[in-house]
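Colleague: The following feature annotations were taken from Swiss-Prot:
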ACT_SITE  123  active site
ACT_SITE  141  active site
TRANSMEM  10-30  transmembrane segment
TRANSMEM  42-62  transmembrane segment
TRANSMEM  71-91  transmembrane segment
TRANSMEM  105-125  transmembrane segment
TRANSMEM  133-153  transmembrane segment
């Protein structure tokens, strides 16, 4: 019998849960030790800056109505489900796909919980060089970005390898 699904890939959901718990824990620490808008210099160019982002990544749609904010919740939920299904269906793929999908799932779950519970995502990592500031982010955002970067690089590598050789 040919099984077209790989249950073994679901074992990587432990990484999703770990990332989600780390994200929740760091956000809880920030919320219990800082006032909104408070800044603490951690290292040169890195601050702990407690902000709440009701919009999407990079502050997009910050002024969106409540209707659109809940629409984002549903869309993000569907994306998480799609990544879990994709993880489940990965067959004969390098392990980095499972790891990267799990990172995206964990990060998305962490930010989704904030949206549902508080109506906004808690961000607190502020990176800057002189007057240039990267948008404030959190542990979930780091996991999502690393996960997407890994799968993009690997996908590109596989594409080149399969089409040039």
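Glycine too: its Cβ is placed from the backbone N, Cα and C atoms.
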Colleague: Looking only at C-alpha atoms, tell me how far residue 141 (active site) is from residue 123 (active site), rounded to the nearest Å.
Modeller: 9
Colleague: With the transmembrane segment (71-91) as the reference, find which of 10-30, 42-62, 133-153 contributes the most Cβ pairs under 8 Å.
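Modeller: The stretch I would name here is 10-30.
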Colleague: Give the nonlocal contacts of the transmembrane segment (42-62) in its own chain as ranges (CB under 8 Å, at least six residues past its ends).
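Modeller: Residues packing against the transmembrane segment (42-62) from afar: 30-31, 34-36, 68-69, 72, 118-129, 135-136, 141.
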Colleague: What's the number of neighbouring CB atoms sitting within 10 A of the CB on residue 123 (active site)?
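Modeller: Excluding its own Cβ, the number within 10 Å is 22.
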Colleague: What count of other C-beta atoms do you get within 10 angstroms of the C-beta of residue 141 (active site), across all chains shown?
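Modeller: For residue 141 (active site), the count of other Cβ atoms within 10 Å is 21.
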